Amino acid sequence: MIKRINKLQIELPRPEHGDANAAAAVQELLGGKFGEMSTLNNYMFQSFNFRGKSKYKPFYDLIASITAEEFGHVELVANAINLVSYGTTFAGDPDTAPLQNGKDDKYTTHYTTTAHTAFPGDGMGRPWNGTFVNNSGALVEDLLHNYTLEIGARNHKMRVYEMSANPTVRELCGYLLVRGGTHIIAYAKAIKVATGVDIGQMLPVPFPDNTKFDAANKFIEQGLYNVLYTWGEPEYRDIRQIWKGENPETKEPLRVIDGVPEGAPIPDLEERPEMFAPGVDPDDYQKILQRLKENM
């Protein structure tokens with residue numbers, strides 16, 4: 001089971017100005033082939049279906065603990081999209097066409113379907129696809145897949161970073177570059193334990209390293225490039241048998257932290273009357289409050 005914690009992994013700044021097309025670009029980091037929904041579901045199903053959980057426990061613990069982190073990455077990307085998706089509509093009479101910008105912006109789904117919030121799809125509006133999951137059951141194959149999946153995800157984050165100067169987008173990408181890079185190293189170390197082959201020598205892929213991205217540097221300085229979390233109970237602590245030694249890029253010692261990061265508040269999204277979200281009449285809201293207080 002995964003324990004739900006009502007926090008984001010980091011605090012996302014609220015931008016001064018919305019950018020609907022930047023939100024569309026970030027959608028690729030959510031529901032694209034190399035998006036966070038893909039990393040989450042790959043590792044989640046691999047952990048569910050892992051054969052020999054006791055015999056190969058350090059590998060199972062690694063995949064299972066990273067699964068939990070990826071849930072938080074999905075939530076973080078979704079909230080970034082939500083924060084950036086504003087300022088292109090206005091509250092007004094329906095006949096004034098308060099959503100008129102939606103016909104010209106790239107991602108009309110944000111207007112028609114999700115009330116300017118995240119959609120489980122890629123940057124072009126295509127829904128996320130379960131065929132993106134690779135769960136062969138063969139340990140080395142799945143580890144190699146995870147390694148290349150994280151590299152592909154890193155490439156996309158680098159490109160989205162370069163597509164937008166929006167501070168929310170930059171903060172998101174900077175953090176995910178560091179944490180995704182950590183996962184690349186983790187899977188490289190797991191492959192070395194499983195096969196004796198040190199594919200970590202080829203990192204960083206693609207070049208350059210994360211220090212070239214200003215928004216990533218503060219997370220590197222916080223040591224987040226050298227840390228894995230257990231994300232749960234003591235059962236997952238055997239990741240220490242894989243996550244040990246030094247970071248091949250920073251040459252700093254690697255650490256395992258029991259539990260979860262401190263986290264930050266989740267943004268409380270304002271109501272959007274022009275999108276009927278949440279679409280509750282003020283009088284009905286008072287009735288809801290009264291019913292909630294009944295029999296307390």
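Glycine too: its Cβ is placed from the backbone N, Cα and C atoms.
Automatic prediction, not curation, is the source of TrEMBL annotations.
Feature list (source: TrEMBL):
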type	residues	note
BINDING	E36, E70, H73, E150, H183	Mn(2+) binding site
BINDING	D61	Ca(2+) binding site
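Projection of TrEMBL feature records onto the structure.
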{"residue": "E36", "record": "Mn(2+) binding site", "DSSP class": "helix"}
{"residue": "D61", "record": "Ca(2+) binding site", "DSSP class": "helix"}
{"residue": "E70", "record": "Mn(2+) binding site", "DSSP class": "helix"}
{"residue": "E150", "record": "Mn(2+) binding site", "DSSP class": "helix"}
{"residue": "H183", "record": "Mn(2+) binding site", "DSSP class": "helix"}
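The Mn(2+) site, placed at the center of the C-beta atoms of E36, E70, H73, E150, H183, has further neighbours from the same chain whose C-beta lies within 8 angstroms: T39, L40, Y43, I66, E69, A153, L176, R179, G180.
Of the candidate binding-site residues, E36, H73, H183, the one lying closest to D61 (Ca(2+) binding site) when CA atoms are compared is H183.
The Cβ of H183 (Mn(2+) binding site) has T39, I66, E69, N146, E150 as same-chain neighbours under 8 Å, each 6 or more residues away in sequence. Its own atom aside, the Cβ of E150 (Mn(2+) binding site) has 25 Cβ atoms within 10 angstroms in the protein chains shown.
Under a cutoff of 8 A between CB atoms, and with a sequence separation of 6+ in the same chain, the neighbours of E36 (Mn(2+) binding site) are L29, L30, E70, H73, V74, L76, V77, A153, L176.
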